[in-house]
Amino acid sequence: MRILKSHPLLKLLNAYIIDHSQPTNINYLWNFGSLLGLCLGIQIITGVTLAMHYNPSVAEAFNSVEHIMRDVNNGWLIRYLHSNTASAFFFLVYLHIGRGFYYGSYRSPRTLAWILGVIILILMMGIGFLGYVLPYGQMSLWGATVITNLISAIPWIGQDIVEFIWGGFSVNNATLNRFFALHFVLPFVLAALVIMHLIAVHETAGASNPLGTPAYYDRIPFAPYYLFKDLITIFLFMFGLSIFVFFMPNVLGDSENYIMANPMQTPAAIVPEWYLLPFYAILRSIPNKLLGVIAMFASLVILMVLPKTDLGITKGLQFRPLSKIAFYLFVTNFLLLLQLGAKHVESPFIEFGQISTALYFAYYLIIMPGVSILENTLIDLSQKG
């Protein structure tokens, strides 16, 4: 144990994973951090391995993926691990954010950790989109064309930026090379942001707890107590991931992507990966192209205003019944947006999308501060009574 406390690198590991004290009352909702770290590790290892066999060219990208699947030893396993862990990564991130919403993890002194977390989410979406383009199937090509074309909504310079990103007048070899290079490098930037996120949590007030109260006294070391608690969910997660990888590896993908990219034939519906669907629904719900793009980016950036719009006296929603109802309605609305993002742009889905988009933004800007003020008023009245 002495080397753990004297070695310059190992003592950091010791401070964060062994000796760091945690509140005694945190539950399994606090296990998402370790699972997300595991997902990031799997993605980097499998991604680097896949990069050794991938060829980023219009002529060979699709064939190189087939080569990985058929000819590389356990290539099918590496590829399916990479694609399914990406979905698991986003699923766990959404749960992690939901826990942060419910227990007020965005409030001081953890505001910096929350803002870094939002930046991580935005970067993850960019990395996920870049990766979706690389197999160069039908959905890869047309997804890349549609999403990059959104930048053309920027007045005057938009089209020039799009052509600069493409390296030509359409998606071509230069585009694939750029996307591959960025998709390879950005996960390491993501890992650096994750370390910053961890430092922001640990150097401010440490982990929060379900009561939302400062837990400076009733604490226990991370190892062995929470280390074994994390291992339980890690084993359960690996079991669940294995079911997807071995028995239904393509259930979360799109069958169109098993057709080689054809610039002369547009798919019946251009749908991104499931984890981008809520924001795609917000984009499509606004008829104006520029306003739709602004709304889509605003729907992510608006997460950063939560520390200012939650005006409640108490931290978290566990003792605030009206805020709980508003939160569950928000979650339902988010799941509805996820469904609407996969639908065709036709009535009644357009109208439902517009209502859901309005409710999404209203939760942050109107419902949350309004309900907080109402609850504060009721608390004041009960104290005076």
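Backbone N, Cα and C define each Cβ position, glycine as well.
Lifted from Swiss-Prot, the feature list:
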- His82, His183: heme b b562 binding site (BINDING)
- His96, His197: heme b b566 binding site (BINDING)
- His202: ubiquinone binding site (BINDING)
- 32-52: transmembrane segment (TRANSMEM)
- 76-98: transmembrane segment (TRANSMEM)
- 113-133: transmembrane segment (TRANSMEM)
- 179-199: transmembrane segment (TRANSMEM)
- 226-246: transmembrane segment (TRANSMEM)
- 290-310: transmembrane segment (TRANSMEM)
- 322-342: transmembrane segment (TRANSMEM)
- 349-369: transmembrane segment (TRANSMEM)
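With a cut-off of 8 Å on Cβ pairs spaced 6 or more residues apart, the transmembrane segment (76-98) and the transmembrane segment (226-246) reach 3 or more such pairs and are scored as touching. Among the binding-site residues listed (His82, His183, His202), His202 has its Cα nearest to the Cα of His96 (heme b b566 binding site).
Of the listed binding-site residues, namely His96, His202, the sparsest Cβ surroundings within 10 Å are found at His202. Non-local neighbours of the transmembrane segment (113-133) in the same chain are 86, 89-90, 93, 96-97, 100, 105-106, 139-141, 143-144, 147, 171, 175-176, 179-180, 182-183, 186-187, 189-190, 193-194, 196-197, 200-201, 204, 272-273, 275-276, 279, 300-301, 303-304, 306-307; each lies 6+ residues outside the stretch with a CB under 8 Å from one of its CB atoms. Within 10 Å of the C-beta of His197 (heme b b566 binding site) there are 20 other C-beta atoms, taking all protein chains into account. Under DSSP, the residue listed as 'ubiquinone binding site' is assigned to a helix (H, G or I) in the three-state scheme.
The two recorded residues, His197 (heme b b566 binding site) and His183 (heme b b562 binding site), have Cα atoms 21 Å apart.
Within its own chain, the transmembrane segment (322-342) is flanked in space by residues 98, 101-102, 271-272, 274, 276-282, 284-285, 312, 349, 352-353, 356-357, 359-360, 363, 367-368, 371-372, 374-375, which lie at least six positions past its ends and keep a Cβ under 8 Å from the stretch.
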